[in-house]
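Visitor: Can you read through this structure? Questions will come right after.
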Amino acid sequence: MKTRSLLALVMTGAVALTACGGGTTKDSAAQETGGATNAAKADPNAPLKEGLKITFLPKQVNNPYFTVAQKGAESAGTAVKGEVKATGPSDAAASSQVTYINTAAQQRQDALVISANDANAVAPALKTARSQGLKVVTFDSDAAPDARDVFINQATSDEIAAGQVKLISEAVGGSGEIAILSATPNATNQNAWIEVMKTELAKPEYSGLKLVETAYGNDDDQTSFQKTQGLLQAHPDLKGIISPTTVGVAAAARYLSSSEYKGKVQLTGLGTPNQMRKFVQDGTVKSFALWDPSKLGYLATYTAAALASGQITGAEGEKYQAGDLGEYTIGAKGEVVLGPPTVFTKDNIDQFDF
Amino acid sequence: MTATATAPSRRTAARRLTTRVGRVRELGIVVALALVVIPTAIVNPRFVQPQSLRDLALNASIVALLAVGQTLVVITRNVDLSVGSVLGLSAFLTAQHFADHPGTPLLAGIGFGVATGFACGLLNGLLVALGNVPSLVVTLGTLYVFRGVDYALAQGRQVNASNLPDALLDLGGSRVLGVPVLVLVTVAVIVVAAVYLRSYRSGRELYAIGSNPEAATLAGIPVARRTLTTFVLSGLIAGLAGALWVARYGTVDAAAGTGLELQVVAAVVVGGVAIFGGSGTVAGAALGALLLGTITSCLVVLQIPAFWQQAISGALLLSAITVDRLLALRLAKALRTTEGTSHA
């Protein structure tokens, strides 16, 4: 009996642990953000300080998406002659980043570049860190707006969702039944994109497309496989699938490529070129999109350097140079948008390696 | 006198037949499986088309494989919670090996994965059998250790389908006489394990250990050695499953197979293997895996809203166990009434 209850305890614990696995696009919503108030004055002509100490804190280490972002951050660090130190938790739980934020503040770092696991869980620690002079830049996934200086948004929800609908429309030839394979049912960003997709589909130019179902693969290979199979069985006339999550799109592509549906059912989504190369080459997928995570990390780190050097304060309308990426302007609510996602096809995919 | 004697003996024969059928523990699961498949097929005939049946078998094959290894362990009154992590480590190392050494022969690469699993299983087995630490504690620890090693080695790297040899990817999708190769591999492992448990002395001894470890020791069974063997076999099978995972999914990072141990233990329990050891078959456990996978797939096909799927999946699981339990109770009753008559 003792063993049994211990076993039960272990199982519940394991379930709880697995429930909070990390995803690449899962929580990276283009959230509504409020303006960061900053009384200090910006000096656009201030030179970038050398030897800045910047901490790079992803949602979790060992996540391929953030590994690529980290490379971008490190190259920006070299460009501004600063020192970028990457650290982070091995799980993407809501509160796991707090100790890392506190450590960065104690180590007297100049800036913190963070992708927040939870907008509110990290806010108190970020506020304390900022009161000690640390500049905070969030990227990919925002923290509460009053807890950071600038948020680097990878792309707006509208751009992402509209792009996805356009790609699937082109792939299926403008008419037919389509379905969405999402991540988890409660992922903020996914749901925001799905809403925009529905609005897009209501437009006259997409009148031939009919969204028949939204399935959730939980950013898990096995589940995504099963959900793809289910979609194809439940809808015999299905022409296309949109999977706006890196795990889902790769799993769906792998399943399609090894089934009799290959070539008959089209697929697009958000995926990395390395992940999708095989399926673009063998014809399973015609095109898909994603922003470049390394550019995201680069821009976030460059912005952190600009903040720490006093070039910008995070107020709306301020302009600054971000090295190779050119000039950026801070938008409403302290938000900077990286740019529209890149579309990958058979013709350009070999130019990318991430 | 003679007339009254023949009637009961005929009745006993009939009863014997029903008990024999009832004793096939797996039958309960097959019934439950039919209860899931038939209504779904009526609603959506595509559910029983060849492509769909192949998918059902394929979806279950990796969990079924792990369930076979788990059964060997559970029969001896132990548990191996590290299988998901062993699979993850083996999957990543196999994929990395194939990606970094193009031209690796298919079997050598898979052997590399199996060897990884073997090493993990050996560590588990040594700690349990020689260290005399409860297996639940040991494998809970190694669950994190193996996953941690996996993370440390991967350094955030992901191996993608384009880096893997076509021979390996083809293995994940190819078929022999319409049956997917992965399913054939799983069936082969099930058959070997079933024969071992049924007809080999050391296999029978595993049941004895699980039924009563003290008695098994007194009977001269090398308990420590047998326990070590089961953990090594479980690790070995998990290593093989890891290599097959790469073939099936094509994209592998350090998180592959996270949380899989729960599905495996569930499949084993549903498959009628007693969690306190001493009874159960590998075929039952494999069928349990098939039942669980089929329930998930049928919910998707029936277009049950995503928010409800997990809850319904759990409820169906409970009813499947109920059906099985009712059959078992009926069998126990039948056995009691026929007490005295011989049962081989």
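In case you wondered, yes, glycine gets a Cβ from its N, Cα and C as well.
Automatic, uncurated: that is what TrEMBL annotation is.
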Visitor: TrEMBL tags one of B:81-99, B:138-156 as transmembrane segment - which one?
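Guide: Transmembrane segment, as annotated by TrEMBL, spans B:81-99.
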Visitor: With Cβ-Cβ distances below 8 Å as the criterion, list the same-chain residues six or more beyond the ends of the transmembrane segment (B:81-99) that contact it, or say none.
Guide: 62, 66, 69-70, 109-110, 112-114, 116-117, 120-121, 124, 136, 139-140, 142-147, 149-150, 153-154, 157, 159, 163-165, 168, 234-235, 238-243, 245-246, 252-262, 264-265
Visitor: Any chance the transmembrane segment (B:282-302) and the transmembrane segment (B:228-248) have 3 or more Cβ pairs under 8 A, given the pairs are 6 or more apart in sequence?
Guide: no
Visitor: Quick test of the contact rule: Cβ under 8 Å, at least six residues beyond the ends. What residues does that give for the transmembrane segment (B:228-248)?
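Guide: Distant Cβ neighbours of the transmembrane segment (B:228-248) are 58, 61-62, 65-66, 68-70, 72-73, 75-76, 78, 80, 82-83, 86-95, 98, 109-110, 112-122, 124-126, 128-130, 135, 159, 164, 168-169, 171-172, 182, 185, 189, 193, 202, 206, 256-257.
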